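**Student:** Before I ask anything, let me first share the structure, which is written out below as structure tokens.
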Amino acid sequence: MCMSLFSALVNAEEKQRPDPSPGISKLTVSEAEKAITGNLCRCTGYRPIADACKSFAYDVDMEDLGFNSFWRKGETKELKVSRLPSYSPKEHSCIYPQFLKDNVKSVMLLNSRRNSWYTPGTIQELLSLLHSDVVQNGTKIKLVVGNTGTGYYKEAEIYDKYIDLRYIPDLSAVRRDNSGIEFGAALSISKVIFSLKEEQKLNSCLDGNMVFKKIADHMEKVASGFIRNSASLGGNLVMAQRNYFASDITTLLLAVGSSVSILEGHKHEKVTLEEFLSRPPLDSRTVLISVHIPFLEPIRNNDSVETNSGLLFESYRAAARPLGNALPYLNAAFLADVSCNKNGVLVNNIQLAFGAYGTRHATRAREVEEYLAGTGKTLSVGILNKAVELIKSSVIPEEGTSHAAYRSSLAVSYLFSFLFSFSNSVDYAISGSPFDGNDGTLLEEACKRNNDDDRSQIVRPPLLSSANQVIESSREYYPIGEPIIKSGSAIQASGEAVYVDDIPSPPNCLHGAFINSTKPLARVKGISFGSDSLPNGVTAIISFKDIPEGGENVGSKTVFGFEPLFADDLTRCAGEPIAFVLAETQKYADAAAKMAMVDYDTKTIDPPILTIQEAVDRASFFDVPSFLYPEKVGDFLKGMAEADHKILSTEIKLNSQYYFYMETQTALAIPDEDNCMVIYSSIQCPEFLHSVVAKCLGIPEHNIRVITRRVGGGFGGKAIKAMPVATACALAAYKLRRPVRIYLDRKTDMIMAGGRHPMKITYTVGFKSNGKITALHLDILINAGINPDISPVMPSSVVGALKKYDWGALSFDIKVCKTNHPSKSAMRAPGEVQGSFVADAVIENVASVLSMEVDSVRKRNLHTYESLKLFYGSVAGDSIEYTLPTIWDKLARSSSYVDRIAMIEQFNGSHKWRKRGISQVPIVHEVLVRPAPGKVSILWDGSIVVEVGGIELGQGLWTKVKQMTAYALSTIQCDGSENLVEKVRVIQSDTLSLVQGGFTSGSTTSESSCEAVRLCCNILVERLAPLKKQLQEQMDSVNWDILILQAHLQDVNLAASSYYVPESSSVRYLNYGAAVSEVEVNILTGETRILRSDIIYDCGQSMNPAVDLGQIEGAFVQGIGFFMLEEYLSNTEGLVVADSTWTYKIPTIDTIPKQFNVEVLNSGCHKNRVLSSKASGEPPLLLAASVHCATRAAIKEARKQLKSWGSVVDGSDSTFQLEVPATMPVVKKLCGLDTVERYLQSLLTC
């Protein structure tokens, strides 16, 4: 992201804009925000990153930036700007040195024994090379420019020869003549975009100007900026032609009649793009030379443009991310030559191109084109209806294409949207009635493409987000409560922070890669690589057979037992590690693992259990200890007897979610003297890994040392799931007596991760006519996978969050199913997010049945303090701690909830193709406080070293620990002790230095670690107090540094350790919050835009409001991913197929709320909390259900409209289930895959 922003800053300096104020760049806020689109972040929720980028912009309003809430009111803009890092173009210039440019010659730059890299300088040199002995028959060659295609096609094979086309001037030229523009095929996509935008300034034809601009605008949605800077135009087209890549660019160029020049042997020919795509796949010696885009003008009669005629061009794409880095479900581009008369619009010629819908290449809808241009009639409902019928028979996805019906419906929607834009009013003009006014009005309106009403229902508004953050800080325990900068943030942003993979490889180091099972249940007969010898660079392969004598085949452990490291003779799930490849480099290891062929045998083996229902049928369950099984509340049968209405056996299915930490699983194991092993691991629970490695190797635990400095994101996935990765390295290092490291590629990480627990919930609920619920029963089936992991605690977690409403009586039957899937593990708010969502789904269903407003039903069933105590017992705490009613009412006011409901109702009444919805959702989230160790040491110079069991995952644990250390030591009250924060350093976790570190999980490790540190500091203050008193008697004041120096000289023990164990009254407590979200659903595409989200979350008395704010926003956005975007899909054998960034889509900056308002509530004193603070890491994730509920409200309005058109809706217009995640195909299906056809039919029958 830093590089993307820097690139935008440099580019902005080249633009003709007035010089900004000192320290500010020429960048605009829009450019700043757009610069980081396509970049991924799982922690922050993007808002603070966007604010940091926008702070460089000359047109930024400081009041709109989130960190403005941390500044004092009344301060001037100049003062605020002065606090920001100053930007100077001269100090940050980045110019490619001329001497390096001069060194680029037509020579072979790189040569090895097998592989060579050539850089020809002319086309003639390229031809000579392609027909020389160097590239003889059988030689594997690859023509490259940016080589960005390897990001999509993960090529395992290594080519013999690479030929770099970047230094051939003819392939990077832009030529213009009377017929059009010709782009060299090696030109980067970014340069093509720039040239098209420049051309639109020069082109005298208004319509041509419009076409070039729109092509350029659409190309900016292809990939992200840094990819477009390297990827070539020709490379994109060749991937589409040879590999059937779902290219947007191909579709755009096809619609405007482009052609290409290719060089095959010594033969040079120019063909249309359509012909180029239809040819057999190009071989590696055929070169795409250039691409020609013609100038476009309306049809001419007698050498003059026909009166009131013009060109209209529009392009479309439907993708999970609007602004790039997501392949489309379908893309389209339409070019029409139209003219107008008093009867309406006449289509003289039209070109309709569709792509990415499950066909090999982009295609032209010829039959539809001929019909629209051949009728000789003005557009009418009848003609449009016929065109829609034809397009459905023209755009047909191939068999096996995902969401085939949805893709076909998109083609209809886009054609309708394009033709719809020709008229002033679809209800009036397109029905065939004459227009008022002059003939040119219609065409002018179509060309202007105004954004009013629904004429731009497909076009997305520009990216620009805003936010408002409200915090309440306290100086009672200074510096606790201060929003100080997160520890280590500067070195993280600069790339200087050291993670496990940044540690230099020791001499003689090997690299590992897993060979994973692709079968859910089978015998493993053997592993081969297609030859008798090991692949190139491979040193060894280890499996369960290599466990040393006295060791055990264990890879991880929980309180429920150990789990195997490798499959033995039988593999029990797809994705299970079978063996571990060791090679000289990570690339060799990964390549060998991909080459491995596993011989399976499934004879005489029972079929695997791959669904929850199969687990039920075969009684395949894990035991849940009685002390972990939640207690029921009230009398369910009595509650049902009191009910006026009942909903019976309604089913909800919830799918899995992948962690998607930025740093995949990684470890480094180094053999040490005396049979010892040092392991560097990115893990949330080093203590458990320590024990597992010792057990696996069969050596004492004091021979093992696990070091973890920081973790690049965890969310629960770096706990149990990190253990086998590090243990495999340790086993290999122990056996081979060489250092071994691994960094899992994203595909392997996703296959092994397991992720969030899928569930099937069936509920029965009874309720009164006023919406008060009297009884709820749930049958919950949880898919745990093959091993228990932490799954036995899931029933308690699910029910804990489910109890957020007063159900009257609550009963349940929960089973934890054992299936042949990778074991599921804890993921941020495990069980709680599912339970909280199910609670709101029940409320929504009750409201629908009663035809009541959801919010009135929701509020009627919120807990009173008495009912809260009934459902949660002593965990409810004192009545003053129950802040949810206050939060609920405050949020309704601050978000203008009631007023916005009225505004949304008005909006929905006046917009056919866009519907809005809004929802307010509460949470009650129970957390567990675990014991934690701590150690504080004060050095000679007064600086302080702190060790804690908690691991810095990016959640700000170290920051809060530093603040707590400074506060607790400042109670000595000597000069300088009020500024101790900068003297504190928190160091890495070391399992031999600090034992009993436990798990960093559950949102409470920060406060546990802080309390452990406070206990240490209290000991130190007690030791220092007598010395301070003695020194004070000798001098008026005592300086901190002098006090510590004297303490060392007088042999005062300045190191203290502690182990914090919370009292029974402090072990569990409840967290409260609420969110209001408003969305807009595009009925034609199923796209959901989050217009605004408002959150109020109770942090107690926040230790650091800035850190907690980041946790709240990050958790909420991760929740958006679960509820709206992320599909963690497997094939029929349980092997994960959503195994890359191309197939698994987490939120990006263009999918977060356009307006994101968060208030961190300071609810005052909580006597049983650590300095009155409360957790913030996981609970806010549950609030993202407000987005899902708001989407349901918008769909409900769409279904009402569909019903008003006389259509039969599947189910009632209000009682329907919205799946999780509510992706575009899911939303579109509920709004009506044939909504356009139904609408046109309603007009025809009027």
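Backbone N, Cα and C define each Cβ position, glycine as well.
Straight out of TrEMBL:
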- GLU1178: active site, proton acceptor (ACT_SITE)
- CYS41, CYS43: [2Fe-2S] cluster binding site (BINDING)
- SER232, LEU233, GLY234, GLY235, ASN236, ASP248, LEU288, ARG317: FAD binding site (BINDING)
- GLN684, PHE715, ARG828, GLY1002: Mo-molybdopterin binding site (BINDING)
- 110-298: domain 'FAD-binding PCMH-type' (DOMAIN)
**Student:** Could you tell me which of these binding-site residues, GLY234, GLY1002, has the greatest number of Cβ atoms within 10 Å of its own Cβ?
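**Tutor:** For the binding-site residues GLY234, GLY1002, the Cβ with the most other Cβ atoms within 10 Å is GLY234.
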**Student:** So the record assigns SER232, LEU233, GLY234, GLY235, ASN236, ASP248, LEU288, ARG317 to FAD. If I measure every Cα pair among those residues, what is the longest distance in angstrom, as a whole number?
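**Tutor:** Largest pairwise Cα separation, rounded: 26 Å.
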**Student:** Tally every other Cβ atom lying within 10 Å of the Cβ atom of ARG828 (Mo-molybdopterin binding site).
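**Tutor:** Neighbour count, Cβ to Cβ under the 10 Å cut-off: 25.
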**Student:** If one looks at the chain holding LEU233 (FAD binding site), which residues at least 6 apart in sequence have a CB under 8 angstroms from its CB?
**Tutor:** PHE183, GLY184, ALA185, ALA186, LEU187, SER188, ILE189, VAL192, ILE249, VAL291
**Student:** Given a separation of at least six residues and a C-beta threshold under 8 Å, show me what packs close to SER232 (FAD binding site) in the same chain.
**Tutor:** VAL145, GLY146, LEU165, ALA185, ALA186, LEU187, SER188, ILE189
**Student:** Starting from the Cα of CYS43 ([2Fe-2S] cluster binding site), work out which of the binding-site residues (GLY235, ASN236, LEU288, GLN684) are within 10 Å.
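**Tutor:** Checking Cα-Cα distances against CYS43 ([2Fe-2S] cluster binding site), none of the binding-site residues falls within 10 Å.
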**Student:** At the level of the C-alpha atoms, what whole-angstrom distance separates GLN684 (Mo-molybdopterin binding site) and ASP248 (FAD binding site)?
**Tutor:** 42
**Student:** Same-chain residues six or more away whose CB lies under 8 A from the CB of PHE715 (Mo-molybdopterin binding site)?
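**Tutor:** Looking at Cβ-Cβ distances below 8 Å from PHE715 (Mo-molybdopterin binding site), excluding near sequence neighbours, one finds ARG42, TYR659, TYR661, MET827, ARG828, GLN1118.
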**Student:** Go through CYS43, ARG317, our binding-site residues, and report the one whose Cβ sees the most other Cβ atoms within 10 Å.
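**Tutor:** Going through CYS43, ARG317 one by one, the largest Cβ count within 10 Å is at ARG317.
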**Student:** Please list, in sequence order, the residues in the chain of GLY235 (FAD binding site) that are at least six apart in sequence and whose C-beta is under 8 Å away from its C-beta.
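**Tutor:** Listed in sequence order: VAL144, VAL145, GLY146, THR148, GLY149, ALA185.
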**Student:** Report, in whole Å, the straight Cα-to-Cα distance of CYS41 ([2Fe-2S] cluster binding site) from ASN236 (FAD binding site).
**Tutor:** 27
**Student:** In this predicted model, what is the average pLDDT of the domain 'FAD-binding PCMH-type' (110-298)?
**Tutor:** 89
**Student:** Given the binding-site residues GLY234, ASP248, LEU288, ARG317, GLY1002, find the one whose Cα is closest in space to the Cα of CYS41 ([2Fe-2S] cluster binding site).
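**Tutor:** Looking at Cα distances from CYS41 ([2Fe-2S] cluster binding site), the smallest one goes to GLY1002.
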**Student:** 10 Å Cβ neighbour count around ASN236 (FAD binding site)?
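**Tutor:** Other Cβ atoms within 10 Å of ASN236 (FAD binding site): 27.
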**Student:** Counting other Cβ atoms within 10 Å of each Cβ, which of the binding-site residues CYS41, LEU288 scores lowest?
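**Tutor:** Checked CYS41, LEU288; of these binding-site residues, fewest Cβ neighbours within 10 Å: CYS41.
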**Student:** How big is the Cα-to-Cα gap, in Å, between GLY234 (FAD binding site) and GLU1178 (active site, proton acceptor)?
**Tutor:** 46
**Student:** How many neighbouring Cβ atoms, not counting its own, are there within 10 Å of the Cβ of ASP248 (FAD binding site)?
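**Tutor:** So the Cβ neighbour count for ASP248 (FAD binding site) comes to 27.
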**Student:** Can you count the other CB atoms that lie within 10 A of the CB of the residue listed as 'active site, proton acceptor'?
**Tutor:** 28
**Student:** Could you tell me the maximum Cα-Cα distance in Å between the residues recorded as binding Mo-molybdopterin, namely GLN684, PHE715, ARG828, GLY1002, rounded to a whole number?
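**Tutor:** Roughly 13 Å, rounded to the nearest whole number.
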**Student:** Cα within 10 Å of GLY1002 (Mo-molybdopterin binding site) is the criterion; apply it to the recorded positions ASP248, LEU288, ARG317, GLU1178 and give the hits in sequence order.
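**Tutor:** If one measures from the Cα of GLY1002 (Mo-molybdopterin binding site), the recorded positions that come within 10 Å are GLU1178.
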**Student:** From the Cα of ARG317 (FAD binding site) across to the Cα of the residue listed as 'active site, proton acceptor', what is the distance in angstrom?
**Tutor:** 35
